[in-house]
Amino acid sequence: MSHLLEMRNISKDYPGVKVLDDISFSAEGGEVLALMGENGAGKSTLMKILMGIAQADRGEIFLEGNKEQFQSPKAAMDKGIVMIHQELNVLLDMEVSENIFLGREIKKKGIPARVDMDEQRKQAQAFLDSVGIKIDAKDLMRNLSVAQMQLIEIVKAISVHAKVIIMDEPTSAITEAEATILFEQIEKLKKAGVLIIYISHKMDEIFKISDKIAVLRDGHLIRVDETKNFTEEDLIRAMVGRELQDVYPKKTNHPGKVLFEVENLASGKYVKDVSFQIREGEVVGFAGLVGSGRSETMEALFGVSPREKGKLRINGAEIEIHNPKDAIRHKIAFATEDRKRSGLNLIGSIKENVTMVSLAEKISKHGIIQDKKEGEVTEEYIKKLRIKTPNGDEFVGNLSGGNQQKVVLAKWLLGEPEILIFDEPTRGIDVGAKHEIYELINVLSEQKKAIIVISSEMPELMGICDRLYVMSEGYITGELNKDEFNQEAIMRLASARKGGMTQ
Amino acid sequence: MNRKKINFKNYGIFVVFIVLVIILMILSPNAFAKPRNLINVVKQASINGVLACGMMFVIIAGGIDLSAGSVVALSGVVAAYLAQMQGIPIILPILGALGTGALIGLINGFGAAYAELPPFIITLATMSIVRGAALILSGGSPVFGLQEQFEGIAGISIANVIPILVLYFLLIAVFSGFILNKTVFGRHVYAIGGNSITAKVSGINVKSMLLRVYIICGVFSGIAGLLIASRTMQGSPTVGVGYEMDAIAAVVIGGVSMSGGSGKWYGTIIGALLLALISNGLDILGVSSNFQQIIKGIIIAVAVYLDLRGKKTSA
């Protein structure tokens, strides 16, 4: 009997790099196959080949025993292979129904140029209802949450009778509650005999929902096996090719005197009244749900968005911050949540990105760039942070997520800040790179820097922070010291109302 | 590594340029290949080249300036108006033209950066306003009777061979290249065009950068207006119609992305030269000006297509 999907001896070279080397595996309908590997391991390229976005140099693809070679994503889609990308491709100003039927609109009878909106809405609603999603087909896409948009993409996949659905980091931008809904849908798809290829960096998810795991490393298929035969350690070892002693490295830092204070900060509708302080050498976490105002607090104190009220003090002296330039002058750094939107110039080189913040102060004289120095500094940080790239002239857009994040960090570290804000520093990056970033945070705290970490992953916050603030609806609802850390306490504070503790 | 090969592919426009030169040399060895004619090509490229350099700053920064052609007219009229007064020091018409450009640039920059109007809209508005101002100031007809010295600005040739216009063009091109490549300011122009949010968070004052970029474009347009007025010894309110489009064409042919953030200064120079080369070559071959328009359009599309394709395959 033939497999639903089989990829045989797939190889792909880019000049100087073997991206994929002789990859063979098969998978059946009704399975969730987790595709694991660090950034740059070749996962994306493999999926691009399956989707017809890229072509393999060697090797064959079989779908239900038939040899296929997809020249375009449309060709793959016609055979029932659909990919739900990490960055959702939706048209925000169109209706849900229009998004579901995009590219295969239902035409009015007799008038081939006109779309039959009523029929489309009816059918779209039927699909939505059948999956049990409470969304109106007439809603504008813009009014949906990210998680809902994702569900719409799944409905779209169902509506084209997809046999294989590839999901790339589907939970990277949604809450845990929303993820639960997603997992329910995945269960239903499994029952319907669909093969789901699931890409994620979140270990707990993988073990929860996958039946089989395929691990890629440096373009090689390291291991394919049933999930139950893997332990978490096995999986990490297979992915990084070495032992990681601890997910969260040991800390030896001892917080000193208070370095940075924020008093009664308010900004926009997300930040109502926020006060906190950080000591030298301290790592302070900010926990909370999406929309609790954590990122907005940092944006306000960094001068990205206007501040309505509130005082900022460094070493007891009040400072004025009206724009990011002021903040940088006061030795504050802010690695934002969304590196593509606000952390990087993707069409710029690594060099241009690394020196963006410090060009005027460190790399130039009288406004003229010192080329040699710029090259040296870039090289230094490429080595220091182990950014995987042939050289500093490479475009940042060509790097993997983890390496992009390292470029963001290099950009800020070059300015030798004293206060560092990391907003979701490990989102969408692999275990190895995560570990490197945790280690970096440790090193920085040993150097007496004050560090703020925002993260939606509670284990991460509890693993790397000395102290936690929990935010809810624009207020700080609680503060926890290391010995008080536990998930229940954080969750309770994160859903607390207006300023007061729930206890 | 095979870096050389990649670079070659990246600059397909050079290949197009050289191929065109070779074709013209074969088709018209007697007229085209003469040194005097080659100098003439550069001279023809000069005015557009100066405008294109200013436009390049704006486009790399993520904007556009449709008022450039109108600024050419107004600054020329202002310069001529001042130069017409006998006994006035020659520096005044010069400052008048540059100041006019700077002022319009300031308005464009303020509109685009601080009033947050789409650059296309604000410069479309000033395009119309500035043209009107030129017509009103000149009374609708060219300003004549300028001081003789005024011609010395751009109307002469060095040793009777190289028009001084060419010198201005090269000077401004090299200056633009230096600013864009070697200075913090230039790097910030690329940064705000590449991703203005990232640039802002990285401590770059995006608004003031944009303002300055539009002022640069305005001043360069003012210079172009001054040069034309000096060369023709008149300030014409109707000169420069459509010049902004030629400047945009030169910039885009040179590989600068319309969405901002990328492009090289020497590409723009080649772009301006290529446009001049096309019209010069077609003139020599005796192609009527109506046909020239069509051929020019086709060559622009093909050149940019080849350039883009080269970039794609190398990525």
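Every residue gets a Cβ built from N, Cα and C, even glycine.
According to TrEMBL, the protein has these features:
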TRANSMEM  B:12-29  transmembrane segment
TRANSMEM  B:49-82  transmembrane segment
TRANSMEM  B:94-114  transmembrane segment
TRANSMEM  B:120-146  transmembrane segment
TRANSMEM  B:158-180  transmembrane segment
TRANSMEM  B:209-229  transmembrane segment
TRANSMEM  B:265-286  transmembrane segment
Inset, instruction - Report yes or no: does the transmembrane segment (B:265-286) come within contact of the transmembrane segment (B:12-29), defined as 3 or more CB pairs under 8 Å with a sequence separation of 6 or more? - result: yes
Legend entry - Interface present between the transmembrane segment (B:12-29) and the transmembrane segment (B:209-229) (three or more C-beta pairs under 8 A): no
Inset, instruction - Check the transmembrane segment (B:94-114) against each of B:12-29, B:49-82, B:120-146, B:158-180 and return whichever range has the most CB pairs under 8 Å. - result: B:49-82
Inset, instruction - With a Cβ cut-off under 8 Å, give me the same-chain residues at least six positions beyond the ends of the transmembrane segment (B:12-29) that come close to it. - result: 253-255, 267, 270-271, 273-274, 277-278, 281, 284-285, 299, 302-303, 306-307, 309-311
Legend entry - Sequence-remote partners of the transmembrane segment (B:120-146) [C-beta within less than 8 Å, at least six residues beyond its ends]: 64-67, 69-71, 73-74, 76-78, 80-81, 83-84, 104, 107-108, 111-112, 229, 233-238, 244
